[in-house]
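Q: One structure coming up, written as structure tokens, with questions to follow.
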Amino acid sequence: MANSVYNILPVDNPLADHAALLFPEVRASIAALRTVGELRKPNGVRWTHDMDLLDWLGAWFGFQEGNVKNQREHLVLLLANAQMRLQPQATNRLDAKVVKKIRKKVTANYVSWCNFIRQRSNLELTEEDERLELLYTALFLLIWGESANLRFMPECLCYMFHHMSRELNRMLNRSIDEHSAMPAKPKYSEPNEFLNKVVTPLYKAVQAEAKVNKDGKAPHSQWRNYDDMNEYFWTNRCFKRLGWLEESSNYLVAPGSGTKHKVGKTGFVEQRSFFNIFRSFDRLWIGHILVLQAIIVTLWSGTGAPWIELQNRDSLARFLAIFITWAALRFFQGFMDLCMQHSLVSRDTLLIGVRMVLKLLVAAGWIVIFTVFYRDMWKQRHHDHAWTKAANKYLIQYVEAAAVFVIPEVLALLLFIIPWLRNAIENSSWRIFHILTWWFQSRIYVARGLREGLFDNFKYTLFWVLVLASKFAFSYFLQIKPLIKPTKEILRITDIQYKWPQFFSHGNRAAVVALWAPVILIYFMDMQIWYTIWSSVVGALVGLFEHLGEIRNVLQLRQRFQIFPSAVQFNLMPEEVALPPQFFRSWWVYAKAVFTRFKLRYGWAAGGVKEDSKQLEAGRFAKMWNHIVDIFREEDLISDSELELLEMPSTQHISVFQWPSTLLANEVRLAVEQVQKHKGNDKSLWKKICANDYRRCAVIESYETIKFVLQEIVRENTTEYQRFLSIYEEIDMSIRQSKFTTTFKLKELPKVHEAVLELVKDVLAWPTHNDPVKVVVRLQNLYEVVLCDFTKDMLVETKIRDSAPYEHQANGQDSELPVELPSADNHSFFKQLKRLQTTLSTKESLFNVPKGLEARRRISFFSNSLFMTMPRAPSVDKMLAFSVLTPYYKEDVIYSMKALSQLNEDGVSILYYLKMIFADDWQNFKQRFPNPDLKPDQLENDTTFIARMEALDDAIEIRMWASYRGQTLARTVRGMMYYERALEFLAFLDTASESEVLGFKELVVRSSSLSREGSLSRHKASTSDSQPLDTQAAQNALLATAAMKFTYVVAAQEYGRQKVDKDDRAWGISWLMRTYKGLRIAYVDKVEVGSESHCFSVLVKYDPIIQEEVEIYRVRLPGPFIGEGKPENQNHAIIFTRGDALQTIDMNQEMYFEEALKMRNLLQEFNKYYGIRKPAILGVREHVFTGAVSSLAWFMSAQETSFVTLGQRVLANPLKVRMHYGHPDVFDRLWFLSRGGISKASKTINISEDIFAGFNCTERGGTVTHHEYIQAGKGRDVGLNQISMFEAKVSSGNGEQVLSRDVYRLGHHLDFFRMLSFYYTTVGFFINNMIIVLVVYAFLWGRVYLTLSGVEASLSNTSDALHNTALTAALNQQFLVQLGLLTALPMIVENALEHGFLRALWEFFTMQLQLASVFFTFSMGTRAHYFGRTLLHGGAKYRPTGRGFVVKHESFAVNYRFYARSHFTKGIELILLLIVYETYGSFHSSVTYVLITVTSWFLALTWILAPFIFNPSGFDWLKTVEDYDDFMSWLWYKGGIITDPEQSWEAWWLEEQGHLRTTGFWGKVLDIVLDLRFFFFQYGIVYHLHIASNNHSIAVYLASWSYVVVAGVINSILSYAHEHYAARRHRLYRAIQAIVLIVVVTVITVLLIETPFKLLDLLTSLLAFVPTGWGILQICLVLRPLLERFTWAWGVVVAVARLYEMFIGLIVMAPVAILSWLPGFQAMQTRVLFNEAFSRGLQISRIFAGKKNSDSWKAQ
């Protein structure tokens, strides 16, 4: 037992030698769990005295041994940490309040669930039964710990707990089983029966459903996902039909088993349809439609303001028609519900079907009522020719009906005003409330009681009132109003000359549609614009109130640095409070804190003087600051010299606070100048010096340091020593007596200053030059200067001379010299001397220290955060415990030397690239490992340095340096382990006296620090033999306290397999475990047992004693993962996390030590109320650290930064709809533990797994906050292809979200204004992004229709209606969004807030020069394509982006595969439309055409050229030629049976169309309908050909199809000839080609002679028939299953498709080739791509040239 493996605490062996076991809280927790007492012992188990309640439960309920051990430690830590937080300090007995609080939190969801389904809770609690509380808590944790995938089904856990707690109660009550007449025992009580008989059957049911999904290819409506399986337990039927897991239950029936009454979808059916956009947010769309109708109706009769127009009775009556529309929309909504949710109806849910039908009938009834009343009203009005009494009577009847119709809305408004009443009704278990609300919504367990408090209601209501007022005022006056007059003009025109056969009369109505379509689309979209504008304003105001951006640069940092000790003490050190909080006392403490913060922010806090009350405060700050800069040095962010300038020494002989040298620079020289020019007395002189506190401190410190140096180097019993001592006595006396100015010659002070500097310089040179005589000479010189030149009073001079007779003369013998210089090993002395030299000699302020941008940024943010509002920090022992969880799959862990040295196609290695990007860091790294064979001032070249480092343990240091600058697991682990380091540091500072603070450095080195020599020495625990036992015990206690508060688990699911395969990543993970003592790795171990494969969740650590990896826990799983990979990975490892909170960290993130110091402040936020609730998720700010790599990375970084700062800030306050958009948010772990975990995992629908945690939190009544006084680092994709894959993943995920039940429920259950916030910040953003693209299509297709039909020409002759201000306004709005200016606005505002307005404007201007608008326009196309396709056809999938360094050139074939469908084909279609419009349109001038179409041209060209603009060497001529050859090889490669899309065009083409094979019937129909637009080109253009001779008969169009037929025949002939004769009978093949050519030329000649045909018709016909062929091809792809039955037909389709793809590729490549040919364009492109890197000294030209200079490494 003494050597047993444990995780954090050896709770299985309380007698072990571990510091934490001495804590009374831990002992009390272990003792409480061992109170088994008289409980009936399980049969067949040998019971021993050291077994506890968890062993008892494990034996009775069949839990696994590994689960019991894991949850034992889990529960002990929960209890002990909670006990530590008690006030006053707890005793050795576990407090009953602690046990009750934890039990209530763990079982809160269970109690709520029981109330909801009207089942009596099985928690039979008494006031003083602590053991029963522990049993219930332990039972739930054991169930949770072994439920595996079922943890995604929280109410299923409640169901299991309900049955098992009832069995527990029967055992505790000593009940007798009625069947066996034996003492009651659980139904499943044999070893491991809980897994085998409870978890596994449920798991197999879920697994069987997941298999139906077919990796996302099957419709969601055909299988039950995790939510469906869980929502079955929301009704009593789970007890009636499932019992206690009866095997005969239809719930457990697998799909396809043929059982008639199998349980189907539950609660919601996810149907793939665009109508989900309307269904989920019907209130939004109904509101938009009704307001649009009201605006049009109001403006149709007059153009005044609405409040004026509606005073007219006719206008008012027309306005009331909105109720007919409203009723019709309700009918449509009911019809959609019936169509999409009908499969929910079963014999158990008949009422759902009844309500659907009734809603449909009632809506139809209202349509009839309103229509009849409206007709009668106008009939009477027209009959009486005025609004007579009879007409008004009908009007009043109509209004009365409308009043009845809106009663539900009035009630909703009333409940909105009184939110607590709405919450009470929804959360009530009274049946009367359920009956009253049954009509409006199904009673479901989640999405109840979501209303916020009155003040929060007021804030977000005011926000949306401003947004809505702006939007609708703009729409009324600038969108709709300008359209009314031209619309009337168009409708009045009748003499339209059509240029084609017109089958429908009133063609002018088509012109109205073409005019209105883009404006209406913008009308439905532009709320997003107004939201962005107002959110930017509000976000800036909130940021100002939170004091963001108050310290922006080094100058501002210098001005406030004096206040930092007080700020650190107030914010980061615990408040000294020992009394329990009381109401009045808490208000007093709050007011005092507010006043203190006010003093700190505005510089009223005292700083600088070492008063007794401030000594500990100053010492703590100095140690904290020094530790921060030490870590900067460890990370190679600063150099050795910068470290010396930034450090704050704490020297006993110095009476003032020792600020960093960088703040004292030049102050002594300025003071000398002040003294030299001074003409007043001592008081005025000192007042002048003290005006600058840094100067005062610099003067005093320098004076006292000089004294110390002289005392150290001059022998004590010498004449020189006595004389210098006498000089100091005289100076001190003159200062005390205020006679300094009269005793000494102030003008001669510079001579003294120079003499001291010379002395210091020679003393510093002593270790290398070893010449003490020079030091003696300098001493004599200093003595003479002071005595002869500086001293004014002769009496003083005489007194000094007489103090000791001068007898010594230097003769060069050391034994006779008056100096005794310290040895070179006296680092402390020479460090002080170096600081003195810096302070005395620096001639200008050191504003450029530190030089590195990253170090400056981190210092600025940390400094600024000290003045922001944050909770007071508790002591470490009283803080909330927390864990960090990082999911890891197969990403890079530590770069290998092979990977670092491998050359890419441009001749560049990763290491070389990193050396150029992080040039300063590289030099700092080299400085950290000096070559002992070189002199200090000699520089070692890179080749020698790298070769020397390779000899040190497989070059681990250089590999780690590179890995810490990539997006690797090593970087993430290092950052997260700063938490451990910070807690150990803070644990010491919390209790340390001043003398102990001075001794902390040794503790840090022993416990967890990274030494200056390198990574290998960190975490090397060692104990000094000479160290007192009590000191060692105290340090062990501090480290144990920190360990109890923090746990880091990496969920590396493949680690077991990687170890077996001897993967380098397994070695890297093992190295990290050896390096970081607190790191734990959880993985899934698959073990073959006979013919079966068993899966286990395993937790391992590295044991430094036995120096090997050891297994801590092993818990068997019911089977492999069945959902999305990442959430499943998190879920299996979450059982190994500990504490009250859980921070989720992705593999591309990091933490900083200085930010980790604020973690305990952040965790205190869980104890604060935000509105009416405490937070369940704490949002944390992020910094994107990849922004400096390239312009693309900068754009992405800026966009992401504005989203995670200003965007999240506004969502949290005032909008109250912040979700969990990713990491590094912190979860209330116990809250989520029983509510489904930290993500959702259903296949495909939950592909954006993170955000569903936020949805789930909000639906279950949780609150998400956002905090910006702490930040974590995050990496983003840096290449265009990586970014596009990321955008595709996010867009596809949002497409799936639209279908989800979570979005539907939030859209219906949030109040109207929070629903608006939710919509426009989640799926609404992507919907509006798609609408922006549709605006361009609607505009161009409408214009082409008007042009080709002749309507535009006819209208242009009589009216200018088609060119009006409304259309211009709509296109301008579209252009603003398209260019990314909508995205840029929050970026500008946030940048201005944090860095200054001028810098924000300059960066925005620079971004535009680097073509940011091109990037944002291109990204808009990516989002629109993947969002729309996913919504229509599905196909969402995880797309790994790689997160690597992107400096290589991507070939044309690669870019074509990426963007052919999403951008290239769409861009070519737009260009075709623009050419047709320009060719046949009616314009007053070319300028008119350009102004109207400039946005469309920009969009089209951007979609085609952006991949090459942002592709390194994208316009290099040689690479373009190579790309052409590669593209053609890929295009014509036939391949074999199994061919990758990267090798063959055909394989890629089939994969690209894969979504059409899995889409539903309506998806295929809609796709065919959309494809029909390509036939319009032919229909319109053939009538404009010369050969048509102005014949507008339909026969012309029908005859034109002969062209398509002939082209098909020719293609078939040539394809057949090529296939059969090209290789073997080449002459025949050429003859056939010649014959075809002759026939074609002959036909063209005949047409030229005999008909009006012209050669120009050949080119024009391409615009007509090429799109037709493309349309036919797309329809054939939809009908692929049918065509594949006919091999020859499908072969023709493939051949034609290949030709089209070739022509598309050539069209795209043509401008690229032209730009590549132009001289200088490649250099300009490189400048655009890497301008930011250039400004930091990056030599891009060398990188792309692969130049092998003299200091390049073997990688070159």
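Note: Cβ is positioned from N, Cα and C throughout, glycine not excepted.
Keep in mind that TrEMBL annotations are predicted by a computer and have not been checked by a curator.
Keep in mind that this is a model prediction, so the values were computed, not measured.
Pulled these from TrEMBL:
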DOMAIN    131-247  domain '1,3-beta-glucan synthase component FKS1-like'
TRANSMEM  284-303  transmembrane segment
TRANSMEM  315-332  transmembrane segment
TRANSMEM  352-374  transmembrane segment
TRANSMEM  395-421  transmembrane segment
TRANSMEM  460-478  transmembrane segment
TRANSMEM  507-525  transmembrane segment
TRANSMEM  1318-1340  transmembrane segment
TRANSMEM  1489-1510  transmembrane segment
TRANSMEM  1594-1616  transmembrane segment
TRANSMEM  1628-1649  transmembrane segment
TRANSMEM  1655-1679  transmembrane segment
TRANSMEM  1699-1718  transmembrane segment
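Could you place the listed features in the three-dimensional structure?
A: Counting residues 6+ beyond its ends, the transmembrane segment (284-303) has Cβ neighbours under 8 Å at 277-278, 309-310, 312, 314-315, 318-319, 321-322, 325-326, 329, 472, 475-476, 480-481, 484-485, 520, 523-524, 527, 1307, 1315-1316, 1319 in the same chain.
Remote same-chain residues near the transmembrane segment (315-332) are listed as 278, 282, 285-286, 289-290, 293-294, 297-298, 300-302, 309, 359-360, 363-364, 366-367, 369-371, 374, 377-378, 381, 395, 398-399, 401-402, 405 (criterion: CB distance under 8 Å, separation of at least six residues from the stretch ends).
Residues 320-321, 323-324, 327-328, 330-331, 333-335, 337-338, 341-342, 344-345, 394, 397-398, 401-402, 405, 438-439, 442 of the same chain lie 6+ residues outside the transmembrane segment (352-374) yet bring a C-beta within less than 8 angstroms of a C-beta in it.
Long-range contacts of the transmembrane segment (507-525) within its own chain (CB-CB distance under 8 A, at least 6 residues past either end) are made by residues 285, 288, 292, 475, 479-480, 483, 486-487, 490-491, 493-494, 496, 498, 1328, 1331-1332, 1334-1335, 1338-1339, 1342-1343, 1345-1346, 1349, 1351-1352, 1355, 1361-1362, 1364, 1366-1367, 1370-1371, 1373-1374, 1377.
Long-range contacts of the transmembrane segment (1318-1340) within its own chain (CB-CB distance under 8 A, at least 6 residues past either end) are made by residues 277, 280-281, 284, 517-518, 521-522, 524-525, 527-528, 531, 1207, 1211, 1215, 1217, 1219, 1251, 1291, 1294-1295, 1297-1298, 1303, 1306-1307, 1310, 1370-1371, 1374, 1377-1378, 1420-1421, 1423-1424, 1427-1428, 1470, 1473-1474, 1477, 1493, 1495-1496, 1499.
Outside the transmembrane segment (1594-1616) by six or more residues, the chain places 500-501, 1578-1579, 1582-1583, 1588, 1632-1633, 1636, 1640, 1661, 1664-1665, 1668-1669, 1672, 1692, 1695-1696, 1699 with a CB less than 8 A from a CB of the stretch.
Here the transmembrane segment (1655-1679) has Cβ contacts under 8 Å with residues 1469, 1472, 1475-1476, 1479, 1553, 1556, 1564, 1567-1568, 1571-1575, 1577-1578, 1580-1582, 1584-1587, 1600, 1603-1604, 1607, 1644, 1648, 1693, 1696-1697, 1700 of the same chain, all six or more residues outside its ends.
Long-range contacts of the transmembrane segment (1699-1718) within its own chain (CB-CB distance under 8 A, at least 6 residues past either end) are made by residues 1452, 1456, 1460, 1464-1465, 1468, 1504-1505, 1508, 1514-1517, 1519-1520, 1523-1524, 1527-1528, 1531, 1545, 1549, 1611, 1669-1670, 1673.
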Q: At a C-beta cut-off of under 8 Å, are there same-chain residues at least 6 beyond the transmembrane segment (1628-1649) that contact it? List them, or none.
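A: Same-chain residues near the transmembrane segment (1628-1649) but 6 or more away: 1587, 1610, 1613-1614, 1617-1618, 1621-1622, 1655, 1658.
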Q: Near the transmembrane segment (460-478), which same-chain residues lie under 8 Å Cβ to Cβ, leaving out any that are not at least 6 residues past its ends?
A: 291-292, 295, 299, 306, 452, 523, 526-527, 530-531, 533-534, 538, 1214-1216, 1313-1314, 1316-1317, 1365-1366, 1369
Q: Need one number: mean pLDDT over the domain '1,3-beta-glucan synthase component FKS1-like' (131-247).
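A: That region's mean pLDDT is 91.
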Q: Taking DSSP states H, G and I as helix and E and B as strand, how many residues of the domain '1,3-beta-glucan synthase component FKS1-like' (131-247) are helix, strand and coil?
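A: Taking each residue of the domain '1,3-beta-glucan synthase component FKS1-like' (131-247) in turn, the totals are 76 helix, 2 strand, 39 coil.
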